[in-house]
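Annotated features, as they stand in Swiss-Prot:
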type: BINDING; residues: 113, 114, 115, 116; note: (6S)-5,6,7,8-tetrahydrofolate binding site
């Protein structure tokens, strides 16, 4: 039975904590938890524990917070737990080869894409921005490469026209634990069937940057609408008006041709702020000026109509 496996869990954010909670709720034997060191957060820069640490301590589990797993003494922490398998979910530290080989069944990882598509740091955002029809989770056997290990189990879900990175994150946080528990059962009873990744199908999901989230009006309206959803809730798509950053929370595509230069404001009314793009028109529906809450285009126009005069260009 997979419940009898001695499991080390390694993870840090809320996404990982949801997986740990599922393991504990289903009766699995978690013998130790690794998570990143407490970090300064908030205006007071007070040291804050990770969501995984908070949950582990609530459940009375041993918690380890090494800065790195490269030092021999930190690797010994793993060895001393005599685990059958190590489950890694958004841990944030590199596992050296020696650590990968310590558990009897190795280390397995929950990755937020259908590998080999979107290896890397931002698979949820990249799948949305590119316009993929579906995404999912892959449970894989870890090796020394970046998301290169053999695939053990996959679960998929559609990407809807309303999905943001936030909603997809929640969907995958539901799928991941299901796939993880199934995979552990298969590993325990010897029925797991590792599948080698097809290197010809590999794509990479590079880490996001705030500068990358700045709206580039030369792109098509369809691309920009996906970008806005992909970067919600972080780092948030934004544009600049009078030297001020304005975040864009929601937009829609108006499938009408225009000869206006990209970035030209075409209309600004209660239906939205309509802007020419490289192909089509983007209708801005919800925006957030610096220091303010998100608001409808209509509410922003009531206070800042001078920002959106038809004929002016956004850069």
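Just so you know, the numbers here start at 1 and follow the chain as drawn.
Each residue, glycine too, has its Cβ placed from N, Cα and C.
Reduced to three states, the DSSP call for residue 113 ((6S)-5,6,7,8-tetrahydrofolate binding site) is coil. Listed in chain order, the extra residues whose Cβ falls within 8 Å of the Cβ center of the (6S)-5,6,7,8-tetrahydrofolate site residues 113, 114, 115, 116 are 111, 117, 118, 119, 123, 136, 138, 147, 151, 154, 197. Same-chain residues at least 6 positions away in sequence with a Cβ under 8 Å from that of residue 113 ((6S)-5,6,7,8-tetrahydrofolate binding site) are, in sequence order, 119, 123, 124, 127, 135, 136, 137, 138, 205. The 10 Å shell around the Cβ of residue 116 ((6S)-5,6,7,8-tetrahydrofolate binding site) contains 20 further Cβ atoms across the protein chains shown. Long-range Cβ proximity for residue 115 ((6S)-5,6,7,8-tetrahydrofolate binding site), meaning a same-chain Cβ under 8 A and a gap of 6 or more residues, is found for 138, 140, 147, 151, 154, 197.
Within the same chain, the residues at least 6 positions away from residue 114 ((6S)-5,6,7,8-tetrahydrofolate binding site) whose Cβ sits under 8 Å from its Cβ are 134, 135, 136, 137, 138, 154, 156, listed in sequence order.
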